[in-house]
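Accompanying notes for the structure given below.
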Amino acid sequence: MNAFTRAWYALERHYQDTRHVLLRDRFACEPDRFERMHERLDGMLFDYSKNRLGEDTLQLLCNLADAADLEGKMRALRTGAKVNGSEGRAALHTALRLPDGADAVYVDGRDVLPEIRRELNRALKFAHSLDDGSYQGITGKRITDFVHIGIGGSDLGPAMCVQALEPFRRHITVHFAANADPACLDAVLCRLNPETTVFCVASKSFKTPETLLNAQAVKAWYRGAGFSESETACHFCAVSADTAAAAAFGIAAERVFAMYDWVGGRYSVWSPVGLPVMVAVGGARFRELLAGAHAMDRHFFSTPTRHNIPVLMALIAVWYNNFQHADGQTAVPYSHNLRLLPAWLNQLDMESLGKSRASDGSPAVCKTGGIVFGGEGVNCQHAYFQLLHQGTRLIPCDFIVPMTAQGREDGRSRFTVANAFAQAEALMKGKTLDEARAELADLPEAERERLAPHKEFPGNRPSNSILIDRLTPYNLGMLMAAYEHKTFVQGAIWNVNPFDQWGVEYGKQLAKTIIGELEGGTSVHDASTEGLMAFYRECRLKGGGAA
């Protein structure tokens, strides 16, 4: 039996030995529990004391990390080793946020920092030229709107950041169009003036069908407004690893910004893919975002496991996923401007870790990935929190809470924070049947006994609380980097590659075939797919569908 298997079995035995220990009892017996089980970094506090674990659990989880060679895998990530084995690539998103003066970072023997600096500065310069009005549309009018056309990692990260940093917005309004459904882009275009709008096409391969369909639709919009091809080109920029393909589309080289094949899409907001963030909040604020992420990088790569925030987040997630058989994980930002964070986390975690094969291609030997979902607090308290409190499923929760409001402070911010703290406490403590009866003491006994079971809460429902003093670019960068590194650590423990996404590609492959068959002709599919295609054709004949 190897060290990893021994560490795994030790955790399985430990779970059986401690499964009946209640969190409320742990807090009653451990008055210093919070002091021992929270970490701070700059303006962030990570409280993990409301989890079903003790110091012995943490030690066993740290043993598992050691047995998985987490330290070696972290070093490989940091130094540009090809940690994305299936695609033979490094994963150097951390290099994108290195400050000036950092040591060289090599990919295939080449220092990539000069290229990173050059492309970042080019993107920042272009964003500034839009902001100060020095770059204008073909008719000489100042640019007022910027539309980012991308999908997946080229959309979710930038869109979330722009939304989160709305209070820092400068002059230009930034829009996003991801879905190929015509209603998505049409809803944006109907509000815009083609003379005062710039469009950014973001696609690593410059072959993403949804993105190119929307980009072609924008070209048609310009033609309909009387613009020539060359005039239209002045209103386009691009971010891609295939700069030649962007040029072939008609975008001038000086407005094509490079992505890198050693950065995955869902980790790319730190690159020129973050151009809409630069446009929205300005170069100085974007650099603050990078600085916050780098602060978390330094913490991650230099802090011992027992006090390492992303590592603790990941080990706790492994504890629930693999040993307590949790049914999912929810993330709840108590901030209206962070309402897109759960969608970003959904992709980051599930696309990275939804793998049934180990890094070497053999079958995964344990349950990997997990269902990650979330919503905006306080709203989701009136939606799915009922299941968290009294349902039969175990779903750990991350509460993400800024301490200071971004909007007008009139008591509503305090109400929001109080609700976050109250929900975490209620999930942990629960309410016993006797406590429920005591609350109903004024009722007749029969009515009290009838209602009390419905007001009982099992409690012992775990959560992390991630607090930030304010929602700033720096703190947002720290928060995002913490979750990126959490995802990497989970992949390291499970021995899966968090940087590929082959499952996404297969559906795209089939869609290429089906799209040509929807209008008729020969097709060979299963009976269900054939039936769906037949119904589409029927609706089209009746005039019930659009191209």
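Every residue number used here counts from 1 along the chain in the order it is shown.
Heads up, the Cβ atoms here are built off N, Cα and C, so glycines get one too.
What Swiss-Prot records for this protein:
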type	residues	note
ACT_SITE	E351	active site, proton donor
ACT_SITE	H382	active site
ACT_SITE	K508	active site
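Taking the Cβ of H382 (active site) as centre and 10 Å as the limit, one finds 9 other Cβ atoms among all the protein chains shown. Within the same chain, residues at least 6 positions away in sequence whose Cβ sits under 8 Å from that of the residue listed as 'active site, proton donor' are G152, R266, Q501, V504. Non-local contacts of K508 (active site) by the CB criterion (under 8 A, 6+ apart in sequence, same chain) comprise P209. Reduced to three states, the DSSP call for K508 (active site) is helix.
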